[in-house]
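These features come from Swiss-Prot:
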DISULFID  54-78  disulfide bond
DISULFID  55-94  disulfide bond
DISULFID  65-105  disulfide bond
SIGNAL    1-21  signal peptide
């Protein structure tokens, strides 16, 4: 009984300290980001590129080009090259840039964008 009470107490203490550490870390990150100068936009661009616009893995299989709305190439700062397709329903799909179908879809999207631009 004493062992289970001690284990439960220890677990509660670890949980409380862990959540406090997360709050402190979030506050420090926000503070440091607010101290970055907007003139140093390369740092911010790198921060966002690594977190948002890098592919950590590629989706398997093929993607119908008709489901795609746009694309962007990942930054050279990313650990892995990639193309991120945005689907018409808002999903982001990471694909290998060396895939032949990816190249075909990119060409199709470029042509569609040019046609839309000329109509306006």
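Cβ coordinates are placed from backbone N, Cα and C, and glycine is handled just like the others.
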Rounded to an integer, what is the Cα-Cα distance in Å between residue 55 (disulfide bond) and residue 78 (disulfide bond)?
8
Cα-to-Cα gap, residue 65 (disulfide bond) vs residue 94 (disulfide bond), nearest whole Å
14
If H, G and I count as helix, E and B as strand, and all else as coil, what does DSSP give for residue 54 (disulfide bond)?
coil
